[in-house]
Amino acid sequence: MSKPIQMERGVKYRDADKMALIPVKSVAVEREQLLRKPEWMKIKLPADSSRIQGIKAAMRKNGLHSVCEEASCPNLAECFNHGTATFMILGAICTRRCPFCDVAHGRPLAPDTNEPEKLAQTIADMGLRYVVITSVDRDDLRDGGAQHFADCIHAIRAKSPQIRIETLVPDFRGRMDRALEILHDNPPDVFNHNLENIPRLYRQVRPGANYEWSLRLLQQFKQQHPQIPTKSGLMVGLGETNQEIIEVMRDLRAHGVTMLTLGQYLQPSRHHLPVQRYVSPEEFAEMKAEALAMGFTHAACGPFVRSSYHADLQAQGMEVK
């Protein structure tokens, strides 16, 4: 029996090193085995990158992180060029090791107590009117990081009273009641928690997570804050069927969720879970029609859609795909 790897606190484990720590193994895929990307998955980079560099500089200056960079989001150039970013709090090292995700795994450092103030000042300096705040999973913290979320929301509103805040939260595993109690007095304007995929594939896609637990988190927040929209996101291309995705959409509606994002999974490296299929824009359009028919008020469905992709437009009910 091999000895468990002793992780050094503050060290990022990525790609092969990260995947080696996952109990449910995935086999690295060679380049010639990868599915060829269809034409609709080709990304056009903006000609002017000055806005992109400006946002990165502001992040570095204040020691902040964006999930756009840490998770290698394909929309980074487009979003940064439009002056929007999704801030990732509680560090850049996740205590989980999901094999679809490019965020580093390891033993994170203690939360930066100055981060709420630095984040609020950066957002005020950027003049943002809508901001998305997410985080790594922090299973090492007794509240799962909920107090840090609440502190960030409070600090942001103190400096930018007119801003709308969307939070994309982890599942607060084993700490749901405590987390919701902490967030009660400083709730966001949109509460987002991603189911990611179907229950049949959860052990492979989200080791350490629980499908029913995530649904319950969304439901309990909605019960406590009926006036605040709840939102969830799913990826396709991991081995599920369109019908299984539609069943998950029904589960979300049954738990009070009114906003949906649905996008194509892209493999961050050959060590991550491989793409099993590419879903066509026409299929995304069909699933959007299904979502609206079952009562979602907002449904952003398309190959490049991510939870926070044009989140301000999503919240306004505008077309995003």
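Going from the start of the chain as shown, residues are counted 1 onward.
Cβ from N, Cα, C; glycine included.
Here is what Swiss-Prot records for this protein:
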type    : residues                    : note
BINDING : CYS68, CYS73, CYS79, SER308 : [4Fe-4S] cluster 1 binding site
BINDING : CYS94, CYS98, CYS101        : [4Fe-4S] cluster 2 binding site
DOMAIN  : 80-297                      : domain 'Radical SAM core'
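According to DSSP, CYS94 ([4Fe-4S] cluster 2 binding site) sits within a strand segment. Listed in chain order, the extra residues whose Cβ falls within 8 Å of the Cβ center of the [4Fe-4S] cluster 2 site residues CYS94, CYS98, CYS101 are ARG96, ARG97, PHE100, ASP102, VAL103, HIS105, VAL136, ASP137. If you measure from the Cα atom of CYS94 ([4Fe-4S] cluster 2 binding site) to that of SER308 ([4Fe-4S] cluster 1 binding site), you get 19 Å.
Other Cβ atoms within 10 Å of the Cβ of CYS94 ([4Fe-4S] cluster 2 binding site) number 26 in total over all chains. CYS98 ([4Fe-4S] cluster 2 binding site) sits 19 Å from SER308 ([4Fe-4S] cluster 1 binding site), taking the C-alpha atoms as the reference points.
Cβ neighbour count for SER308 ([4Fe-4S] cluster 1 binding site) (all protein chains, 10 Å cutoff from its Cβ): 29. Here SER308 ([4Fe-4S] cluster 1 binding site) is positioned 15 angstrom away from CYS101 ([4Fe-4S] cluster 2 binding site), judged by their C-alpha atoms. Mean pLDDT for the domain 'Radical SAM core' (80-297) in the predicted structure: 94.
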